[in-house]
């Protein structure tokens, strides 16, 4: 098999903060589909990898649904709705997009979709019937047959909003029935008669917004489950009334709602009664899901089991008692600890042996049923990621993990999980070093287990890894613990905790830890308030669950750096790990100054003033002789390190070269910059769609005699450049490898070499396909250090790794074939 030039190795993401943004394909090996920003992600829970991305929406994906087959086999069609007012029907083959069709017509964001297969009255051929609800107070019915899509009908709800929809067919007929739950606590039932959906009745009972409705067929009865913000679940039974009239015998009967339909010229009376009310949740019930039918021993089974998810952080599995028929709570699972707000959705998977929920903060919680004790469910490892735009990322110096930071106010650490006696390696989030109260903006590694981060505040914060993290990281990634702790202080803290109403991670040492009794743990329940989260060390052999990440993987904060007048915007560290450079948002020259800090004394070394607006990115040259800065004022500045006479003195920098409004090639904000690995050239990328190479840089040159000018042709990439990164190694032709990230989400890889003919200096090597690309702007690109391990195949082909992050909430790791560039 011929390998491609560019591959996506790993993806880190999580579901959007929207009800209905997750759907699990029924059947063994079914894929989990969920919306991440503007993209639909297909994830394999068994292999724990992202299979592909479906990119087609231009705004947040709010809802999606696999169109399930009648025989319980895995579906190949998926429907999604988004805030771009569109519904997209995806047809898949071998888990890849075969074709997609846009259903346009809504005038507001789409918040609910559902679909079923329907046989045509004339030819009997199956086609998809799709219902979608949007904030324009309408529900639209669509028919998709082959490549033809048409809107069958528009149901208008005046000033009300339909929040959830579900389609099915009436028992013993082919008539589709539609249930719509609205913001008035009512469920509206529509039945298709003569190719037209007619309203039959409204079911009342809920006292708040309806958040979910779902049909399920059991025998000759059709059951409808509904959930609401009144904390209750109602189950309705719909059945065909016999034609023979029965005499009233005076017995007590449940109230019936009836309506009449015509099927083939025969009138049939349909009755709807309230089967039961389930009260077990203590907060809004956001989602319900019937267990799908599945084949067992060649027989199609439809279990009578219902799953519900609530804002009370629990998910409940309901089923009727075998003897009495009373619906009872069978299993309750949930989330403990942390500043979280409950579950938004839930799904059955793997023939009911697995259940999953996604939470307000994006985290997914997966549980698997024990084969020994069916009433026991254990947490499983599942994908995780940021739930807002990812602003910065960096590899550790040895290329063994990456740290990312985001406007979701968290810093996360992703590393490989190397299982014992298994060759397959998967990457997972293994720590959350910082959970902050401000949106995080930037970070830089100081050494392997120490980093500094900047947020929408004036302070830089420095964090160091605790002993518990280093020990767990060595086990999960199968690294030598003695090698990791070789240069570390023996007095490492065990972990960290955040005081109540505090923003600083306080170190916890072995003597500070208290182990709680069961009675003391009860006092930490929500009934007794929310006290300070207490760190509890744990020995891990696999990636941690969300509960553990929230409260047991923080890194202690060892230093605060004060000096900037406004919010921190960028930070970087030199290669010898002795100096930090930071800059903040600025509208005046005095605030746009770069501050240099010593990493040993944590004191300010120097303030470098040149730019008049915000410095957007900085980079030290690989030999640490220069510091490059680019700015919103459309210029760059190059600072030269001056030699000092004694080691007692900190180094200082002087302005070596710069551009101004006349000499600057760029006409818009310069977003990014990077150095060539030999420190001869530097690259700048701007919003004006240009990438320019500058040089040659030599600290022994006099900049007046040898000015630094563009030494390349201007590369126009066709979209705003937001990130530039130069690979630390050259391609086989000894050309520089440059990755360029665009505002459109695409990543392009070029090679460049200085030539006498400037028009031929740039070569386009490869660019990401739509499914490989981000869906919003790239924020940072970073190549893996080649001091780490570089994979080599049997043919001796070297693979280079780089990571990307963007405003689409996603972090990706790519592999690129060096010999093909």
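The backbone N, Cα and C atoms fix where each Cβ goes, and this holds for glycine too.
Feature list (source: Swiss-Prot):
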| type | residues | note |
| --- | --- | --- |
| REPEAT | 56-100 | repeat 'WD 1' |
| REPEAT | 105-152 | repeat 'WD 2' |
| REPEAT | 160-200 | repeat 'WD 3' |
| REPEAT | 205-246 | repeat 'WD 4' |
| REPEAT | 280-328 | repeat 'WD 5' |
| REPEAT | 338-377 | repeat 'WD 6' |
| REPEAT | 385-424 | repeat 'WD 7' |
| REPEAT | 563-607 | repeat 'WD 9' |
| REPEAT | 610-649 | repeat 'WD 10' |
| REPEAT | 665-704 | repeat 'WD 11' |
| REPEAT | 716-760 | repeat 'WD 12' |
| REPEAT | 773-821 | repeat 'WD 13' |
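With a cut-off of 8 Å between Cβ atoms, the residues of this chain six or more beyond the repeat 'WD 7' (385-424) that come close are 10-14, 16-17, 36, 361-362, 430-445, 447-448, 451, 453, 455, 463, 473, 476-479, 542-543, 776, 779-780, 782-789, 801, 803-811, 813.
Residues of the same chain lying 6 or more positions beyond the ends of the repeat 'WD 12' (716-760) and with a Cβ under 8 Å from any Cβ of it are 6, 622, 668, 671-677, 681, 683-691, 693, 766-768, 772-783, 785-786, 800, 802, 804, 806, 808, 814, 816, 818-819, 821. Below 8 angstroms of C-beta separation, residues 19-20, 111-116, 118-119, 129, 131-133, 135, 137-139, 141, 152-153, 206-215, 217, 220-222, 224, 226, 228, 230, 236, 238-240, 259, 261-263, 268, 270, 272 of the same chain, each at least six residues beyond the ends of the repeat 'WD 3' (160-200), sit close to that stretch.
In the predicted structure, the repeat 'WD 1' (56-100) carries a mean pLDDT of 91. Of the candidate ranges 56-100, 280-328, 563-607, 280-328 contributes the most Cβ pairs within a distance under 8 Å of the repeat 'WD 6' (338-377). Using a Cβ-Cβ cut-off under 8 Å and counting only residues 6 or more beyond its ends in the same chain, the repeat 'WD 9' (563-607) has close neighbours at 441-447, 452-460, 462, 613-620, 622-624, 627, 629, 631, 633, 639, 650-653. Helix, strand and coil content of the repeat 'WD 10' (610-649), in residues and according to DSSP, is 0 helix, 19 strand, 21 coil. The DSSP breakdown of the repeat 'WD 1' (56-100), given as helix, strand and coil counts, is 0 helix, 25 strand, 20 coil. Break the repeat 'WD 9' (563-607) down by DSSP state and the numbers are 0 helix, 21 strand, 24 coil.
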